[in-house]
Amino acid sequence: MVDAATLEKLEAGYKKLKESDSKSLLKKYLTQEVFDKLKTLKTPTFGSTLLDVIQSGLENHDSGVGIYAPDAEAYTVFADLFDPIIEDYHGGFKKTDKHPAKDWGDVDSFSNLDPAGEFIISTRVRCGRSMQGYPFNPCLTEAQYKEMEEKVSSTLSGLEGELKGAFYPLTGMTKEVQQKLIDDHFLFKEGDRFLQHANACRFWPTGRGIYHNDNKTFLVWCNEEDHLRLISMQMGGDLGQVYRRLVSAVNDIEKRVPFSHNERLGFLTFCPTNLGTTIRASVHIKVPKLAANKAKLEEVAGKFNLQVRGTRGEHTEAEGGVYDISNKRRMGLTEYQAVKEMNDGIAELIKIEREL
């Protein structure tokens, strides 16, 4: 049973949210009826409540989404809230839909989007993974954080060839190493307020770390937002190279670490926007003419389901006309199709920029 203090917090937070002018998906779909149905429920294994799910959105009325899954079971127990939000965000992925099986497609079909190097500054493709048998951030104990980091660092030390590299724990990190990782834009900071309020930053920096290969083109974040974020990236527009590197890394790591996967939702992640393929393929791109015509930029982006962000990612401005543009849909399509949406959309943006 959910205790009185939690219920009180829920009721007060919900009342404030309803009176606010929040545009979040949480506000849109947490009707009184849904709220009353879910407010007393708990997940069977970890005892997560509705408060764990929605506290970030209750604190941050400027959230776009406003909910996180404290553990894998939350997606089922609080389905009445998660399902409509998932459907809205992922472009019509309905309650009755099933995410397709993993499919990287023909890894040789992508090439360089900008061979002359006129527009694309850098390209990256990332995916998120959760380790089976562990809950997500809010429910993790300090001992589990340590245990996971140990598993991850020993697994990654087995990588060979282009992927071979080193693991840097955040705990006890020297100033030099820290500075080096900041200069390379590899270091993640303690969570932003959205994650803070979702209780994702406890025991910081315990159990957090960064792995990168010697060429600095493959990166793994351990326990930042998701258990694992696998990132392949390099300067320029060679999406083919970036994609092939990620695929070989994921396939290699998957043999050694079992990942949380759900029949209907695909790979499970802390934030519902990352479910399914968990793939975010993005470029940093300079399109000054389209930047001056924001409506046109948004129109093309919308047509290809692309998300336009500022230079430094979510909640930032475009510096010097450089945008971070990525695929928005991660569910109801395969890994290959998700990357192809980004590929085709960027090709179109470059074509229009040239014509303007």
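Any Cβ shown, glycine's included, is placed from N, Cα and C.
Automated prediction, rather than curation, is the source of TrEMBL annotations.
Listed features, source TrEMBL:
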type	residues	note
BINDING	122-126, His185, Arg229, 280-284, 309-314	ATP binding site
DOMAIN	6-91	domain 'Phosphagen kinase N-terminal'
DOMAIN	119-356	domain 'Phosphagen kinase C-terminal'
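Sequence features, as recorded in TrEMBL, placed on the structure.
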residue : record           : CB count, 10 Å
Ser122  : ATP binding site : 17
Val125  : ATP binding site : 27
Arg229  : ATP binding site : 22
Ser282  : ATP binding site : 22
Arg309  : ATP binding site : 17
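Taken together, the residues in the domain 'Phosphagen kinase C-terminal' (119-356) have a mean pLDDT of 92 on the 0 to 100 scale. Using DSSP to sort the residues of the domain 'Phosphagen kinase N-terminal' (6-91) gives these counts of helix, strand and coil: 51 helix, 2 strand, 33 coil.
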